[in-house]
């Protein structure tokens, strides 16, 4: 356990980390804009290319690649969760003398003190989480090959989450620690479940992935209310401008998700009704 804690929160490269446009790979605005543009363009071109060459509705087999990707993402998310949890505990222990009169440890997780710089343990794992967002984008390729569908919601969601993780680092935004903890915990479970079903094991009797997504959105919504409350009651939270943009984007994602969820439920209801009609005719 001591060795694990050392490599996840006490290693010199973690302690001395500093978000820098000249030293951190992928840390410039030009890189962010270019990578998002390439992601959108390549996804659209791949979808168009397959539509022209492959019969509509016919999936392209990918073998064990999607399951292997799910395993990697589940393990990566679990490591980030453990890393930022141990790092946050260490940061609270070492810096509490500075802010303990005005905040509790949980309030620190929601609301960084004004003047916080993007350096140290917590921001190292925030940086790793930002880089992992690009690994998530490969799932879009798998979806295009396997379902032959490309939805605006999926492209928008992946792009916005990548942008938000960049803003967390760029502006030392409050709330990011809890956001990463919630997100990586859910991702570890969701991608682990996808790996489980991807290798042919039985799936759950309820919409596991959908329920996890709803739980994540609910936790984020509650925490955003907490950040806003602390900002006005405790003298301000660091990176509040980026937090406002983050909140707006989260609101858009929530609305799109609810729209997607309602449409999916209606579609499932129509399919169930159609099956009943067919069954009645057979009888």
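Using N, Cα and C of the backbone, Cβ positions are placed for all residues, glycine too.
Noted in TrEMBL for the protein shown:
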- 29-54: transmembrane segment (TRANSMEM)
- 66-90: transmembrane segment (TRANSMEM)
- 122-145: transmembrane segment (TRANSMEM)
- 152-169: transmembrane segment (TRANSMEM)
- 175-196: transmembrane segment (TRANSMEM)
- 208-228: transmembrane segment (TRANSMEM)
- 240-262: transmembrane segment (TRANSMEM)
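Tertiary neighbourhood of the transmembrane segment (175-196): same-chain residues 66-67, 70-71, 73-75, 77-78, 80-81, 84-85, 88, 109-111, 122, 125-126, 129, 168, 203-204, 208-209, 212-213, 215-216, 219-220, 223-224, 227, 237, 243, 246, selected by CB-CB distance under 8 Å and a gap of 6+ residues from either end.
For the transmembrane segment (29-54), the neighbouring stretch richest in Cβ pairs under 8 Å, chosen from 122-145, 208-228, 240-262, is 122-145. When each of 66-90, 122-145, 208-228 is checked for Cβ pairs under 8 Å to the transmembrane segment (240-262), 208-228 comes out on top. Only sequence-distant pairs (6 or more apart) were considered; of these, at least three Cβ pairs between the transmembrane segment (152-169) and the transmembrane segment (122-145) are under 8 A, so the stretches are in contact. Within the chain, the transmembrane segment (122-145) has long-range Cβ neighbours (under 8 A, six or more residues past its boundaries) at 13-14, 17-19, 24-26, 35, 39, 43, 46-47, 50, 59-60, 62, 65-66, 69, 72-73, 76-77, 80, 83-84, 87-88, 91, 154-155, 158, 161-162, 165-166, 168-169, 172, 176-177, 180, 183-184.
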